[in-house]
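Written below as structure tokens is the structure these notes are about.
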Amino acid sequence: MRDVGAFDALPEDLTDAGGGTDSLVRATADEPERAAEAALRPRRLDEFVGQRVVRDQLSLVLEAALGRGRAPDHVLLSGPPGLGKTTLAMIIAAELGTSLRVTSGPAIQHAGDLAAVLSSLEEGEVLFIDEIHRLARPAEELLYVAMEDFRVDVVVGKGAGASAIPLSLPPFTVVGATTRAGLLPAPLRDRFGFTGHLDFYADDELERVLVRSAGLLDVPLDADAAAEIASRSRGTPRIANRLLRRVRDWAQVRGDGHLHLPAARAALEVYEVDQRGLDRLDRAVLDALCRRFGGGPVGLTTLAVAVGEEPETVETVAEPFLVREGLVGRTPRGRVALAPAWEHLGLEVPLPGGTLFD
Ligand SMILES: Nc1ncnc2c1ncn2[C@@H]1O[C@H](COP(=O)(O)OP(=O)(O)OP(=O)(O)O)[C@@H](O)[C@H]1O
Ligand SMILES: [Mg+2]
């Protein structure tokens, strides 16, 4: 089973990597959802919406390699969940007209597993290593050599009699994906000739993602409904596509099948996703911070007790987006509500130096 990495998120990591709830606005996805996503994945670079810089750079790398008839440099894709790393890896293979071999850091338990994968690669193939920051150290070391010298040392025998037989590999391209580029050891990072960092999408880009997806799902989506869904999608195509599917359900069951603005609003109200893309837990955290603790500072544990959740859930699931949005701040003395949090709850922003609740 795949682990989507919810619980190795550190407090300073703002990748919204939570997976602990079944909320509609978490950026991570489970297996059934990943299957639903497959149908919506862009297949070619020119279908890939947004990320103009990465797209331009990557298209140069790929075109140049195609022109030379050689495998391109290894590519590292980093960025928060749901922004298109896996999609880009598939596109890279498609653009090169080659096949994609898929594995992941956690799937490789021993260096030998990686050696087996590497030695079965064919010339020009793309090897996609998802969650590459989670590779075990011995596998990582084997990978350095393979990436740099296209060689893998196969160990035969055991103990003192063991010897390493170098096996040369045909040229291939590693595409690594990580939500935590900072955790990648420098020697591994240095083996990538190109690093693309994916950032959150602007609302108009998400609208284009939605229009494209609605076309593929064959559902009529109005422009203002697309804008409404986009603005609640936290800059993340995965969330946009997920909300689209839920709005489609609503339109089919309670509406007339048409995805217009009232349908989008009604559906998102049912699913408790508000105008800023906050869900119930997010709002509960804001509410506790502002109403119960006068805006803070309040410690994480106290805050978690107030909303009836584990501290870890509050910290890794709710907080990253609240911090990213400038609703909540972290201080050495605890969490504080920032002015937009009060405004979002329809409360008066307290004057600096005191609180309304003194
Ligand atoms: N630029 C884009 N244009 C259109 N659709 C996109 C784009 N980026 C992502 N998507 C859609 O969003 C969904 C999630 O993308 P993807 O699986 O590539 O994310 P990821 O970065 O690999 O996430 P994770 O870190 O969880 O593995 C896919 O269904 C894909 O179709
Ligand atoms: Mg992925």
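Every residue gets a Cβ built from N, Cα and C, even glycine.
Within 10 Å of the C-beta of Thr86 (ATP binding site) we count 20 further C-beta atoms, all protein chains included. Residues annotated as ATP binding site in TrEMBL: Leu40, Arg41, Gly82, Lys85, Thr86, Thr87, Glu148, Asp149, Phe150, Arg191, Tyr201, Arg238.
Taken from TrEMBL, the feature Mg(2+) binding site applies to Thr86.
As annotated by TrEMBL, DNA binding site applies to Arg330, Arg335. Mapped onto three states, the DSSP output places Arg330 (DNA binding site) in strand. Cβ neighbour count for Arg330 (DNA binding site) (all protein chains, 10 Å cutoff from its Cβ): 16.
For 71-204, the entry in TrEMBL reads domain 'AAA+ ATPase'.
Taking DSSP states H, G and I as helix and E and B as strand, the region 'Small ATPAse domain (RuvB-S)' (202-272) has 51 helix, 2 strand, 18 coil. Residues annotated as region 'Small ATPAse domain (RuvB-S)' in TrEMBL: 202-272.
TrEMBL lists 275-358 with the feature region 'Head domain (RuvB-H)'. In terms of DSSP helix, strand and coil, the region 'Head domain (RuvB-H)' (275-358) has 41 helix, 9 strand, 34 coil.
When Cβ neighbours within 10 Å are tallied across all protein chains shown, the highest count among the binding-site residues Leu40, Gly82, Glu148, Phe150, Arg335 belongs to Gly82. Under the DSSP three-state reduction, Thr86 (ATP binding site) is assigned to helix.
In this structure, Leu40, Thr86 are the binding-site residues from Leu40, Thr86, Arg330 whose C-beta falls under 6 Å of some atom of ligand 1. The ATP-binding residues named in the record, Leu40, Arg41, Gly82, Lys85, Thr86, Thr87, Glu148, Asp149, Phe150, Arg191, Tyr201, Arg238, extend over a maximum Cα to Cα distance of 37 Å. In this model, the domain 'AAA+ ATPase' (71-204) carries an average pLDDT of 93. Selection of the binding-site residues Gly82, Thr86, Phe150, Tyr201, Arg330, Arg335 by a Cβ distance under 6 Å from ligand 2 yields, in sequence order, Thr86. Taking the Cα atom of each, Tyr201 (ATP binding site) and Arg335 (DNA binding site) are about 27 angstrom apart.
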